[in-house]
Amino acid sequence: AWNLPAYLTVLIAFGNIGPLAVTVSHRLCPPGRISEPWLIRSIHVLSLLSAGFLAVFWNGRVVVGGAEHSVPYLLLAYLLALGCCTSNVTFLPFMYSFPQQYIRSFFIGQGLSALFPCILALGQGVGRLECRNNTSSNGTEPRYLKENFPASSYFWGLFTFLAVSALAFIILPLWHKRGQKQPEQELGAETVPQEGADSEDSYPLRSSEDGKTEESSTLAEHPFWTPRNIYLLGLLGLSNALTNGVLPSVQTYSCLPYGADAYHWSVVLSNIANPAACFIAMCVLCRSSLGLGLIMAAGVLLGSYLMVLAALSPCPPLVGSTAGIVLVVLAWSLFLGLLSYLKVVIGSLLHEAGHSALLWCGAVIQAGSLIGALLMFPMVSIYHLFHSGRDCQDNCAF
């Protein structure tokens, strides 16, 4: 019911075992030993298998402790989260092989990865209901309408998105290689040194010890652990704790008191704000530490407002009014839009600090998400500090 987002948020958070293993391996293994392209291919395979099995076994139940539980669904959701969480500490460092604008394109794709499933869910029409008079009493009872297509079709849609991602990764080196050849043809053979087919430039997806050595010498001149970079990582961790852990755990409590439409529109429009913020970052990149701090402060204020709404559930202010619906949808959209812009800007700035900086960027993203989820789970599911309402009933009658 309303606690499902908290359970899923914690499962996704425990998917950070993957990023932790990759980060430790990068620290312990010799340079060039871990192949990021092969890690990425493994992530694609794991994600595709998980989504495919979800489409088939999502409604399976297992009796645990005398009660039925959706063990197959939760297990497969965890495996899918394991692959998706690990992508941040493999995709981002891998992007160091490409120009900086590719980082912004990466974050746009990440935003669209949330938007497309949300649109698919909106088209599915889950949560629609009508209130009918109860024949046994004077009250009303909810009658839930049938969805437009089953959950298995939704998971096959996710499988298709993941297949497109895997195909894009196969095409990416060919596209990048083609882009490198065009300037060489324009300059001519005399001014451009000829390189073999096995060179790093001709196939940029392969790990190189020479690249690691060159980066180490660069970092020796410009150390990564400067106050500014620590500040950027702190902002990044806090923003991801809020957007991926804290607020998603209570989104149902902040939105559903205003109705199912308010919940669905807040999810969809906030995920439209995500890629929109990434497009803005491609045009306007804020490099000011003060400016980034102000954006973070605005995001925290909006997040605090949403947290207050969740704490007052099922009777938040303006419940039952159009103004309440507009405010909660607007707050969610601005909240995710501002912090998405912040994450893209920080990712672009850390790209300038080298390959290891992007590895730390991905690790901090996942660490912040994990801390936020673990912080909220006991509040939502153990201590029950947030209260749900009942459909077709006046939950605020005294």
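Positions of Cβ are set from backbone N, Cα and C atoms, glycine also.
Heads up, TrEMBL stuff is auto-annotated, nobody curated it.
The structure displayed is predicted, hence computed values, not measured ones.
Annotated transmembrane segment per TrEMBL: 6-26 (among others), in sequence order.
Per TrEMBL, transmembrane segment is recorded for 38-58 (among others).
Sequence-distant contacts of the transmembrane segment (70-94) (same chain, six or more residues past either end, CB-CB distance under 8 Å): 7-8, 11-12, 14-19, 22-23, 36-37, 39-40, 43-44, 46-47, 49-51, 53-54, 57-62, 64, 103, 106, 205, 347, 355-356, 358-359, 361-363, 365-366, 369. The transmembrane segment annotation in TrEMBL covers 70-94 (among others).
The transmembrane segment annotation in TrEMBL covers 106-126 (among others).
According to TrEMBL, the feature transmembrane segment maps to 154-175 (among others).
What TrEMBL records for 183-220 is region 'Disordered'.
Per TrEMBL, the feature transmembrane segment maps to 230-250 (among others).
For the transmembrane segment (262-285), the list of distant contacts is 101, 104, 107-108, 110-112, 114-115, 118-119, 121-122, 127, 251-252, 255-256, 324-325, 328-329, 332-338, 340-341, 344-345, 348: same-chain residues at least six beyond its ends, Cβ to Cβ under 8 Å. As annotated by TrEMBL, transmembrane segment applies to 262-285 (among others).
The transmembrane segment annotation in TrEMBL covers 292-312 (among others). Panel annotation: around the transmembrane segment (292-312), residues 232, 235, 238-239, 242, 246-247, 250-251, 253-254, 257, 286, 328, 331-332, 334-335, 338-339, 341-342, 345-346, 385-386 of the same chain, lying at least six beyond its termini, place a Cβ under 8 Å from a Cβ of the stretch.
TrEMBL lists 324-346 (among others) with the feature transmembrane segment. Sequence-remote contacts of a segment are chain residues at least 6 beyond its ends whose Cβ falls under 8 Å from one of its Cβ atoms, and for the transmembrane segment (324-346) they are 103-104, 107, 111, 232-233, 235-236, 239-240, 242-243, 247, 251, 254-255, 258-259, 261-262, 265-267, 269-278, 280-281, 285-287, 292, 295-296, 298-299, 302-303, 305-306, 309, 316-318, 361, 365.
According to TrEMBL, the feature transmembrane segment maps to 358-386 (among others). Sequence-distant contacts of the transmembrane segment (358-386) (same chain, six or more residues past either end, CB-CB distance under 8 Å): 2-3, 6-7, 9-10, 12-14, 16, 19, 23, 26, 85, 88-93, 95-96, 224, 233, 236-242, 244-246, 249-250, 253, 310-311, 313, 343, 346-347, 350-351.
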Selection from 6-26, 106-126, 154-175, 230-250, the stretch that has most Cβ pairs under 8 A to the transmembrane segment (38-58): 154-175
Listed stretch, out of 6-26, 106-126, 154-175, that has the most CB pairs under 8 angstroms to the transmembrane segment (230-250): 6-26
Tertiary contacts of the transmembrane segment (106-126), as residues 6+ beyond its ends and Cβ separation under 8 Å: 91-92, 95, 145, 147-149, 153-154, 157-158, 161, 165, 264, 267-268, 271-272, 274-279, 281-282, 340, 343-344, 347
